[in-house]
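Taken from TrEMBL as is:
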ACT_SITE  D299  active site
BINDING   Q110, K126, E147, A230, A231, L232, L233, E304, D319  ATP binding site
BINDING   E147, D319  Mn(2+) binding site
DOMAIN    194-402  domain 'FAM20 C-terminal'
Amino acid sequence: SKLAALFEHRLYNIPVPEVTEKDKLFVVNPAEKFSLLSSGSDEWVSSSKAEALLPAGETAYDTYPAWLKFHIGINRYELYPRRDPLLPSLLRDLATQKIVSSVQKSGGTQLKLIMTFPNYGQALFKPMKQTRDQETPIDFFYFSDFERHNAEIAAFHLDRILDFRRIPPVSGRLVNITKEIRNITTDKKLAKTFFISPAGNVCFYGECSYYCSTEHALCGKPDQLEGSMAALLPDKTLAKRRSWRSPWRRSYHKSKKAEWELNPNYCTRVRETPPYNRGHRLLDLIDMTVLDFLMGNMDRHHYETFEKFGNDTFLLHLDNGRGFGTHSRDELSILAPLQQCCSIKKLTYLRLQLLATQPYRLSDVLREALATDPLAPVLAEPHLQALDRRLGKVLAVVGRCLA
């Protein structure tokens, strides 16, 4: 296994700083027990209300479902640990847990659903919009592109292979539109958009600002639909997140250019602007730039951080559905922050060099990681080949900076 060998490499075994209480997103009472109420009411009860004693040898933590352990494990330095024993069970839950509720997520330009499981875990479901071998049409603007379910799955695994670990776990899943969406939804607006197509397939389109119409309906075969299931982050009422506008945001206009596209010395100004004038924020943004270039994602207008940790923490790499749309073209403008600032973390650079070598080739390790997903193969082969080519271009940019 090339993937196992990669994670055993010394570059993937550099310890994170010691995590103190103030570095944890949540400080949990170790005696709190997670208890599912048999009455079917939608709440979980702490040990102060639960009368049942724990089975012998179990700690309160053992009673927590995987999603809750994931939330409790988040800290200042990482979303989940490098050797996370929880990951397989969390991905399995996303792929197999019974869906007890499906409602449309408000906001956003395209249809997404929030699905709830019996253990009160929740996932964000992005349905399949195009097949693996379709490419984004060459005349499409980046802001008109579809969000792809398989891009969300591949982005999670790529982010982990780069050792960023800033994307919440994502699994592919085959969903039954009738039983797991239409029959159980309490969302009246969503319920009104279901219909049977002329081919006899169950379809729906929801409500959103783009692509929510009968012409862009999502149809099953006859009611089976592929999608990505992403573990939700803790509710914002429990863990506030701050949204930051990217300095290298595109104009989102058909003819206007953004300032960074016109000013080659743009980075000098960014370096003088908080929070990029101190700490590792700019280098973290360049990490995200590398991830986006490898995927071909031009749609990174904002990023988020957990408010509790201030400016000294990692960036969350959310919303990756517009990646992996084209394999035949490389969008070099995505690399503008790296090209203009000529800065990159030494560790990131060393890992990229490692992934360009035969024993750990990026396309091979990602192919191996994606083979475990329920919807494998997740990416068409040309997308995997494009990763190696793009990795070479990232290293070439760094080489020019060094020269």
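In case you wondered, yes, glycine gets a Cβ from its N, Cα and C as well.
Summarised as a single figure, the pLDDT of the domain 'FAM20 C-terminal' (194-402) averages 96. Here ATP is bound by Q110, K126, E147, A230, A231, L232, L233, E304, D319 per the record. The longest Cα to Cα distance in that group is 20 Å. For the binding-site residues A231, L233, the largest tally of other C-beta atoms within 10 A is found at A231.
Each of the recorded positions E147, D299, D319 was scored by the other Cβ atoms within 10 Å of its Cβ; the lowest score goes to D299. Between the alpha carbons (Cα) of D299 (active site) and D319 (ATP binding site) lies a span of roughly 9 Å. Long-range neighbours of Q110 (ATP binding site) (same chain, six or more residues apart, CB within less than 8 Å of its CB): K129, F146, E147, C208, Y210, Y211, C212, G321.
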